[in-house]
Amino acid sequence: MLLQNRTALALGLRMCSTHVMKGPLMHTARPVSDISEFRTVFSKAKHIAIITGAGVSAESGVPTFRGENEKWRKWQSQDLATPEAFSRTPSRVWEFYHYRRELALNKKPSAAHLAIAECEARLRKQGRSVVVITQCTDDLHRQAGSKHVLKVHGSLMETRCVSCGHVTVNRRSPICAALKDKGSPDPDVADAQIPVDKLPRCGESDCRGLLRPNVVLFGETLDSHILTKVEKEMETCDLCLVVGTSSIVYPAAMFGPQIASRGVPVAEFNMNTTPKTEYFMYHFQGPCGTTLPPALARHESEVI
């Protein structure tokens, strides 16, 4: 298997780290930014894996957990996105996620989202495949038209019952009456302290359990079924793009380097270099909405 250490990686916890893992991975020579060379490689690829991160959605106006959006009210976002925080203060955590849901529901796909979806649809007609392996929890890849999307960190547009485990798509706005107009990130806004029985509840008969966002919180294990599919794609792809990700959240940060370790060309598209840039063959710096569309556009060799 490509991911030999499933305990440490494939079944690892979602965690944020700036540690650069060495292990058996091989560093490449300094990555190049030759778009013509990349396009030649792209034209020959049959199975393309595109790993996307928060930078893709940031260009649509969806805030990330970092930088100026690292805090929500007076709390660090990463401290709210934990199972312990949800257990202690479900009202506060639901306000936080309600804020993020409402923002995402009102955003449109970026140029990068649209380029990926167009590429997938075009190459499908040629018998070639594109899979999106995303760390984003919004709905923008789907809105853009991407069909083959693996969400390794779950979805804000799904809920999961903490009692019966039922998962359902949920794009209601607001998600429940008690959360209407709640969730302001202003540090001067007090917690709503919504009673638990007024928070989103399970619609399954005879359950009515508390719902939570169906996202992977920090410290939780990633979905093994999704990771099995990710492994398969990582083992079979012949080109990989790493787009808009800081490459510091594990285990997803290792997907690109693991693919590169097979000798597969990996191209990074990001505003800056990352802790994993040195493992990749190509690096294209700048906004993904600017660099990605020409990289994925129809190649002159394509016959449709």
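Backbone N, Cα and C atoms are what each Cβ position is placed from, and that goes for glycine too.
Under the heading domain 'Deacetylase sirtuin-type', TrEMBL lists 28-302.
Positions annotated as NAD(+) binding site by TrEMBL: 53-72, 244-246, 270-272, CYS288.
What TrEMBL lists as substrate binding site is TYR97, ARG100. When other Cβ atoms within 10 Å of the Cβ of TYR97 (substrate binding site) are tallied across all protein chains shown, the result is 24.
Residues annotated as active site, proton acceptor in TrEMBL: HIS153.
Applying an 8 A CB threshold to same-chain residues 6+ apart, the list for CYS161 (Zn(2+) binding site) reads VAL167, CYS202, GLU204, CYS207, GLY209, LEU210, LEU211, ARG212. Taken from TrEMBL, the feature Zn(2+) binding site covers CYS161, CYS164, CYS202, CYS207.
Here the Cα atom of CYS164 (Zn(2+) binding site) is found 20 Å from that of HIS153 (active site, proton acceptor).
For the recorded Zn(2+) site, residues CYS161, CYS164, CYS202, CYS207 set the reference point as the centre of their Cβ atoms, and the other residues of that chain within 8 Å of it by Cβ are VAL162, SER163, GLY165, HIS166, GLY203, GLU204, ARG208, GLY209, LEU211. Each of the binding-site residues CYS164, CYS202, CYS207, MET271 was assessed for Cβ neighbours inside 10 Å, and the highest tally belongs to CYS202. Neighbour list (SER57 (NAD(+) binding site), Cβ cut-off 8 Å, at least 6 residues apart, same chain): THR64, ALA104, LYS107, SER110, HIS113, CYS136, ASP138, LEU140, GLY244. Sequence-distant neighbours of ARG100 (substrate binding site): residues of the same chain at least 6 apart with a C-beta under 8 Å from its C-beta are PRO63, THR137, LEU156.
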